[in-house]
Amino acid sequence: MPKLVYDKDSTMAEPDGFGEQIFKSTMAEPDGFGEQIFKVACCFTALIIIKTIFETIGRLFVALYGHGFCNFLRGEMLRKILRHGAAYFDEEKNTPGRLVHKFITDTASLNRILGEKLDMIIPAIVCAFAAIGISLWINWKLALLCGFQFPAFFAFRLMELRETGKRQRQMAEEEKKAANLATMVLTNMSTIKAYTLQAHFESIFCNALRPLQSAMKRQSVISALVFACQFSFTYILIAITLYFGVQMILNKEIDPFNYLAVVLLTQFGANFISQLIASVSDISKARIAAENILCVVNEPAIDMDNLSDEGLRPKVVGRIVLQDIEFRYPSRPIVPVLKDINIKVSKGESIAIVGPSGCGKSTILALLQRMYTPTRGAVKLDNYNVRSINPSYLRRVIVAIGQEPTLFSFTIKENISYGLCEDEATMEKITQAAKIANIHDFIISLPQGYDTEIGEFGHQLSGGTHQELMEEKGLYYEMNQLELK
């Protein structure tokens, strides 16, 4: 047991036994203290300067490119989605709820790294390597001993990522299902209230969240175990470092000031490594989000590109021929919808397609607009196969009005004129089309007339007014074919 012996003529206790050499080596040569302290201070000052420089660079990068890049990705995703035909949205992975989830959640996960974490990650990496490098330069043996915690930290985190990687993908899939269900419920809220189905859909939504909750609980348990093991190992390593550090000091392999400098530098680097480790989960989520985004952006448009300028733009007379048409929906390839359909429609002729529900009446109109491509046969407009006509041009000369037309949360004027260039959207043409559709008097009776906001999906207007507005839109387009579903 070490003891202190006091001298009557001295105010300072002299050590005896263990630690005597440490005390003497520390108190010896007081003239060198200032130089040693200056060296240690210079090391930490250099680290602070490096951190400041790279943190500034990171923040500038985030300000200039981080958020803008994520907004660019959102715009690119929307543009790529709009290229696809109707068959693309029939697939389960491309339902509106799942696509909205990718727009919001996946881009937000990527933005969290590029817009919030990047200015922390870059200086953390640089300062961690700088601290390790300086400590190795001072004393490589002690630096390696203290630095053993770094690979150990990453090993623990890697174990956690391996265990949670699959669960994160499972959680992302469950989140998309829940988001799709929530979108469906909110979109059809009027119907749900009319049939008092609130409790029913609440139960369905809660059941959809249960797998997500279970996966999150399992991941939390694993993260807690890794966290406990990681910090327990840290304290064990500190004890080992103290023991071997004392032995090195006693053996004159390192002086106390350099020992303190190495320990402080490695702990300084460990703090930055801890910041990186804390961001590993976000980086993993961002990687999965980037994969989902790239799947949307890089997926080729099959059979048609709705945004392409390619294709014919012939002057249309109005003759339609459906020749030996056979069709199966891509999502249900086993079930035939149309088989050996032959229809001829002359210019100015009006026909009615009748039949039971599900017999393919609306499908025929969708084929005319080239929303889908027939499995066999040809759809012709004035002897032109519709596959050779530009899709956007084709849908301007053939206008379909459904039983429940879809309107957007714009003004009446904007709902009539959207899809045309600004120089074509004249008020005179809009008013003329409204008079032909017998809706002009109703529109001008509104407080704001043609500038009246109709609300989301046009809920402020009746169903009949929806159809009249779409009829006016068709007349405004000066279409050659008007289809009533």
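One is the number of the first residue shown, and numbering goes on along the chain from there.
Glycine residues also receive a Cβ, built from the backbone N, Cα and C atoms like all the rest.
Annotation comment: TrEMBL describes 40-285 as domain 'ABC transmembrane type-1'.
When Cβ-Cβ distances below 8 Å are used as the criterion, the transmembrane segment (37-54) is approached by residues 122-123, 126-127, 130-131, 134, 257, 260-261, 264-265, 268 of the same chain, each at least six residues removed from its ends. The transmembrane segment feature in TrEMBL is assigned to 37-54 (among others).
Within the chain carrying the transmembrane segment (118-136), a Cβ under 8 angstroms from the stretch's Cβ atoms is held by residues 43, 46-47, 50-51, 54-55, 57-59, 61-62, 66, 142-144, 146-147, 150, 261-262, 265-266, 268-269, 272-273, 275-276, 279, all 6 or more beyond its ends. Annotation comment: TrEMBL describes 118-136 (among others) as transmembrane segment.
Annotation comment: TrEMBL describes 220-245 (among others) as transmembrane segment.
Residues of the same chain lying 6 or more positions beyond the ends of the transmembrane segment (257-278) and with a Cβ under 8 Å from any Cβ of it are 33, 36-37, 39-40, 43-44, 47, 120-121, 123-125, 127-132, 134-135, 138-139, 142-143, 146-147, 149-150, 153-154, 157, 234, 241, 245, 248-249. The transmembrane segment feature in TrEMBL is assigned to 257-278 (among others).
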